[in-house]
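> Pasting a structure here, questions to come.
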Amino acid sequence: MSSPSSSTPAAMAAATVMASLRTLPFPLLVALVVSALAFIATVLRHLLRRQRPVYLLNYSCHLPDADRQVSLEVCEYFGLKCRRYSDDIADFMRLIYSKSGLGQETFAPPFIFSGKFEKTLAFAIQEAEEGLFAVVGQLLAKSDVTPADIDVLVVACSMFSPMPSLASMIAHRFKMRPDVKAYNVAGMGCSAGTVGVDTAARSLRCLPRRRRPSGGGGYALVVVTENTSLNWYFGENKHMLVTNCIFRVGTAAALLTDNPSRRGDAKYELVRAMRTHHGADDAAFHAATQMEDDRGNLGVALTKDLVRVAGAALRRHITALGPRVLPVSEMLRYAWRVARARAAGNAKAAAAEVPDFQRAFEHMCIHSGGKAVIDTVGRLMGFGPHVVEPARATLHRFGNTSSSLVFYELAYFEAKRRVRAGDRVWMLAFGTGFKACSNVWRALRDCGPDADNPWNGCVHRYPVPPPPPSRTHKHYVSLE
């Protein structure tokens, strides 16, 4: 029980405050009370709506065997032996390949090396199983997680959706629990990796807490890949031939958790995930489409509007993302630059202004779908060569691996030992439809290369000298 001497000052202070409040005019008193209640309500709302933190425990990227490497010479040999392409078409593909930014060590699907020159379902299944099973096994082994621990399974592949699904193939191979929440995502294009992370994080937050001594939480496995076997194009439509030259084999798997006891083991925390969809615009919707040519040959057509559509989508995307990630000081600088340009009567310069996103992120895994796309993103965002270096290196070493490319870029940063605790990482990917998607991560510790990092053994050769700027050759080279 407190003594009178200690309680008297508090009581006197309270009495003084009450007396002061009684002297205030009634309208002012009402405004003061309403403001206090609004402040309390805002704080409570923030606390109640606060989402569980989701962590990236670890991830793995598939590195195929060396006998699957494909160079320009291998591509030319395949083109000649299959007897499906005219000399003009072969020259066109050679031109696209030479300007694509791809190196001589990317990886091709198994049917390219079979000698049969036919794309079949069996080859597509083989391509899928080789990548999916390898990365999932590696990831679970190094994360100290068993298949029975997985609560959510998200598998994304745009151009191959067999029955049973790829998610079912993984659940069967690794004997996952009957109550695992499995999602199989198709048709999302290169954005499927970032979409998969967003889907998995939302699913984890919706799951009830497990009754564990550690405090609960679950695990979500995200597996992203692309399958080019059945979509290899054997026709003469030049818009559809480009994918033969730039798309390559690649698979990645990421393990997410909201278990607070695993925070110390995790590499990154998911800060934000955002998607913007621009499919209402006809040009955006048709920029990349799976289709048959006039002879019934199946493939993916990349139109001449693709790069322009990507630039327009990026502008709209960063308009929504910027206020959520940029510091106030940079937003004010951006507003001042725009206002100054408009005051000078230069509306075009005002529209071209973009905030400096290097003030929000230390590392950026930007979409490495092609040299022209990288050039466009770098030019629009004002990024220097060092910022786009990981994207160019990933394109050169692995080609366009579609949905998994952002994880190969993240592995590049770790292989270079650039990631430090507290660093912010921005994953940006574009997808068919047309979509722009972002994942924002915060590093929880310094991250070096794991034993299965795909850049081990070759990262010392990068960065390679930058390629020359993209030039227009008719209207096809702009599709690189």
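Any Cβ shown, glycine's included, is placed from N, Cα and C.
Pasting the feature list from TrEMBL:
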{"type": "TRANSMEM", "residues": "26-48", "note": "transmembrane segment"}
{"type": "DOMAIN", "residues": "48-339", "note": "domain 'FAE'"}
{"type": "ACT_SITE", "residues": "Cys190", "note": "active site"}
{"type": "ACT_SITE", "residues": "His277", "note": "active site"}
{"type": "DOMAIN", "residues": "362-442", "note": "domain 'Beta-ketoacyl-[acyl-carrier-protein] synthase III C-terminal'"}
{"type": "ACT_SITE", "residues": "His363", "note": "active site"}
{"type": "ACT_SITE", "residues": "His367", "note": "active site"}
{"type": "ACT_SITE", "residues": "His396", "note": "active site"}
{"type": "ACT_SITE", "residues": "Asn400", "note": "active site"}
> State the count of C-beta atoms found within 10 angstroms of the C-beta of Cys190 (active site), not counting that atom itself.
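Summing over all protein chains shown, Cys190 (active site) has 28 other Cβ atoms within 10 Å.
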> At the Cα level, what's the spacing in Å between Cys190 (active site) and Asn400 (active site), rounded?
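About 9 Å separates the two Cα atoms.
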> Around Asn400 (active site), how many other CB atoms lie within 10 A of its CB?
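Around the Cβ of Asn400 (active site), 26 other Cβ atoms lie within 10 Å.
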> What residue among the active-site residues His277, His363, His367, His396 has the most other CB atoms lying within 10 A of its CB?
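Of the active-site residues His277, His363, His367, His396, the most buried by Cβ count within 10 Å is His367.
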> Of the active-site residues His363, His367, His396, Asn400, which one sits closest to His277 (active site) when you measure Cα to Cα?
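Given the candidates His363, His367, His396, Asn400, the nearest one is His367.
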> In Å, rounded, how far does the Cα of Asn400 (active site) sit from the Cα of His367 (active site)?
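About 9 Å separate the Cα atoms of these two residues.
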> Give me the CA-CA distance between His396 (active site) and His363 (active site), in Å, as a whole number.
19
> Just to be sure I understand, if DSSP states are collapsed into helix, strand and coil, how many residues of the domain 'Beta-ketoacyl-[acyl-carrier-protein] synthase III C-terminal' (362-442) fall in each?
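Residue counts in helix, strand and coil order: 39 helix, 21 strand, 21 coil.
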